[in-house]
Every structure is written in structure tokens, then in C-alpha cells.
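**Q** Got a structure here, written out as C-alpha cells. Questions coming.
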């Protein structure tokens, strides 16, 4: 297995960080939490460099740990309530469903300890769900009672007006009051991924330190004394996010972030995603490859697997080049390995040590039995990927089978991989990868699936096309269309769609605009356009002509034909907001 061979070069520079300890103020437990008055503490220097991490067992906590270690701090985990009470710096990176998290906190006595810690104005940073749990309750699978520290109810984004939910991607925030940890955040894009949010009100205005606009104005962060929490993910927000973490860990020293010359972040940016198709070559080494209509072998006498680099090295390169996300697609079936030995797990672990943008992984997310006869559910497989550094998992063939069953029976069994994983980790953690191919017909009446009228006739004069979904790497067609599949998986719990096109793959002639428009108009979840990019103009075309939230490419990035920075420069010049 390869070791990480790159050193992260940064577009920003952070000053060295000296860890701190704090003094703590007393708190009267008489009133409801959010009515109590905090006596703010004064922080004093100390040599203690240990951060306590509250990991309740869901989601990608490894990335938070790696970010903290990257800044020079040690990490220890909470095993019992006393670990919270004895912490000098407490970070709570909540991921997944509100009810599941509260259940774990209550059952293990952690909720009371957490409230006591925060009541005493001890240094605390909540991330994502770690912010939401501070409120009175949530509507997610509820109402479900929260910790009750901040007045307000966490509700779902309203998608009835065309808003795509979950809110996934890089957005900007507006500061509402001075907060030391947000010193470098205003005007920058930071990474959000959530379906629920809390709204500002007169009752919680003293807590709110920044807001974000997505459909409506919601709370992006809170700050009061030494207690902070953010709805976004600093550990996935590149150097801007690392600066925020550093400001929390070392509040006496402001980071010196050299801002880029581009305009301020004003809305949800379009994402540019680098995709790495990973498989074993004929010698058994993991390499990044790229297919031509899914054929990854060279057309030579040796017929060897096309190799374009090592996965960990390329991921690090794309992070430094400005990729908004990195996606690994495992196109080798390592089904003989016990789960803990899956090679992709090592790739994720190494990559997440130096890459601080979202990581997605797909391929083989399904139930399986290894060579030792050990059975693993798709939820167990996904959980191991999350623990190894993945933020999202991508389901392919298994999603097709689940959609077929659901459309046939009309029953959500709760047993499909989509349902199981989204229930535990949230819809935003589940991507469904669709691999369709064009099948031409003379009229829509010839098939039971949704068709698209062609702008120019097909190979035999056809005027319509439908998109047949495939499984097993495009080798087997299934009796379901991309339109029907997309709508079914959204109902089953998918939070995002990765939309490929076999006909366009590797051709470099542009994305299939008709297909992308068909799917983006059919669903209310974000859609990632994939397959066919060959020039910077193809990215602006897909964003201008469809409602795609992101565009993904592989070969043109691997071969350095079109650098990521060139894509973003072109998009900015064409009035399309992207993260700089």
C-alpha cells in the first residue's frame, strides 16, 4: 500500500499556534439554560496541547481529528462523562440524525455532562449536528428534544419552491457580531452539508454570530463567551476552515490568511469535483485509471490497465489545485478481503490526513460475504468507509436493484442500502451513482420509460431517446430508466445524484445536456453532472443550461489537459460563482 507522498502546499499561511488553557466561571442551575447569564472567563497560557473529541459513533470524525493534529494538537476521545467535565478544549463534530445522536448522548450520560460543561463557559466547539443539538428540539423524525441550551427549533429546509435539499456545497456567511474564531471566514466560501437548520429569532439573537442564506436566512454559527458552534464543516473547508479551527484552539493569535483577489462569497457556489477511478493493475497495485466508455485497458498488445497515477498523490494534488471535492470510485471488486483490509480504506485514511475538502467513495457499497464466510451489511461497509475518512458514500448497482423493487411493490422496507445508511448517517451522506446509456426509439409509445425528444435525429432517424440504467460497470442493462431511478432513489433517501453517461464517457465532447436537464428537473436533491468534459467551456455550458449543482471530471484533470484552476477562472469570467 502506498504511503502519502506529497506535502500539502498551501495558498494561505498560518502562524504557529501555541495551545491555551482557560479559567472557568461559575453558573447557577436555577433557570432554563438559555436564560442563564454567563460570567465570561479569561484564558491563560498553558502547555496543554490536548483536545478532547466527543465521538458518539456516527460519521466521519477522522477528518476532524486529522485537522486538529495538522494544527499541532493531540487528540483524546470521550469514553465517559467525566472525560467531558475534565476537558480543557472540547470539540463535538456531530454527524447523522438528530434523534440518534440524542439517544446516544442520553443513554451514556453524556448529555448532562455536556450541558454542565457548556453552562460553565468552558471552551467548546460544536460542528454541524454539534450546533443543532444545542437547540430546544428538532423536527427531524420528531419532534425530538435537544439539549435546550439555545432557544429555537431545528427545522427542515423548504424545498417546495424549488430549493434543492440537502444544502450541499460552498456558501458564504454574514457576520452578525464580533467572534474571534470567525476572523478569516467572512467573504470566503465554506462547506455546508445539511437538510435541517435553525432560524435566528429575538430569543436567540444574543447567541448568533453569523448567518447564511439558502432559501431563507439561517444560523451559520453561534458564539457566547468560550462556547462556539458552526453549522458548516471547518475540517472540510480547506485552509479557511483550518484557520477557524486554529482561532478556536489559539484565540490569542489571529491567523494571517492571505486573501485571494476574487470577489466575496455571496451565494452557494457551483462545485468542480475531481474524480479518481481506482482499481488494481495487473500487478496488483492500486492505480488511478480512466476509461473510454468504461473501457480502462490500453489498446495495445499487452492490453494493460491504463495507469494515470497513484490515488493518494493525485488527491493531494487536486486539493492544492482547488478541487471542491474529491471522489474515489473503486472499480475493482475487493470482495475476498475482510472488511478491515479493504485497500480503499487505506487510501481514504492516508488521503484524509492532508486533504481538507469533502471525500466521497463509491464501488462495492452493498451486502457481501468475505472469503472467511463473514457477512457484512451495506451499513457496516459504509460505516467503515466513514470511519476511514469518507464524508459521502456513492451507491451504484445496489441502488438500481433497490429502486426496481420499490417501484414494483411501492413499499419502503427500510432494508435497502439507501434506507439503512441514510437513516443512520443522514440523507446528505448518500449519493446514488447512475450509469445510463442511450437507447433510441421512434416514438415515446414504444417504451414505458420517460423519453427525451432529440434535437437532431438518432443513428437510424429516431426522434426520441430513453436512458437505460446499467449495473456491473455498465455491462448489464436493466429494465428501468434514469428518470424513474432518480425519482425512486430520492424517495428512498438519497441526498445527491452522481449522473454519468456511458455514451459520453471519455469522448471529451461535453456533458449530455438533455440527460442532465431531464434529471435535474425530476428531483429536488442536488445533481452532479459527469462524463464528457473536454474543455473549460463544457463546464460553463452545463451550469448555464441545466440546474446541476456540480460538475465532475477525471481524465482531463489526470492528463493535465484542463487544469482545475483554468476551469474556475473560466467560470468566474462567465459570471458563475465558484470557490476561489
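If you go along the chain as it appears here, the first residue is 1 and each next one adds 1.
Glycine residues also receive a Cβ, built from the backbone N, Cα and C atoms like all the rest.
Feature list, courtesy of TrEMBL:
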type     : residues : note
ACT_SITE : 128      : active site, for GATase activity
ACT_SITE : 233      : active site, for GATase activity
ACT_SITE : 235      : active site, for GATase activity
ACT_SITE : 277      : active site
ACT_SITE : 435      : active site
BINDING  : 128      : L-glutamine binding site
BINDING  : 364, 500 : substrate binding site
DOMAIN   : 53-249   : domain 'Glutamine amidotransferase'
**Q** Roughly how many Å lie between the Cα atoms of residue 235 (active site, for GATase activity) and residue 128 (active site, for GATase activity), rounded to a whole value?
**A** 11
**Q** For the domain 'Glutamine amidotransferase' (53-249), what's the mean pLDDT in this predicted model?
**A** 94
**Q** Radius 10 Å, atoms counted are CB only; among the active-site residues 235, 277, 435, which position scores highest?
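**A** Comparing the active-site residues 235, 277, 435, the most crowded Cβ belongs to 235.
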**Q** When you put residue 500 (substrate binding site) at the centre and draw a 10 Å sphere around its Cα, which of the active-site residues 128, 233, 277, 435 have their Cα inside it?
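**A** Cα filter at 10 Å returns 435.
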**Q** Rounded to the nearest Å, what's the C-alpha distance separating residue 435 (active site) and residue 277 (active site)? Just drop the number here, would you?
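**A** Cα of residue 435 (active site) to Cα of residue 277 (active site) measures 14 Å after rounding.
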**Q** Here's one to test understanding: among the recorded positions 128, 277, 364, whose C-alpha is closest in space to the C-alpha of residue 233 (active site, for GATase activity)?
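**A** Smallest Cα separation from residue 233 (active site, for GATase activity) among 128, 277, 364: 128.
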**Q** Which residues in the same chain, at least 6 apart in sequence, have a Cβ under 8 Å from the Cβ of residue 128 (active site, for GATase activity)?
**A** 93, 94, 95, 193, 194, 230, 231, 232, 233
**Q** Including all protein chains displayed, how many Cβ atoms other than that of residue 364 (substrate binding site) lie within 10 Å of its Cβ?
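**A** Taking every protein chain into account, the count is 21.
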**Q** Within 10 Å of the Cβ of residue 500 (substrate binding site), how many other Cβ atoms can you find? Include all protein chains, please.
**A** 28
**Q** Write down the Cα-Cα distance for residue 364 (substrate binding site) and residue 277 (active site), rounded and given in Å.
**A** 13
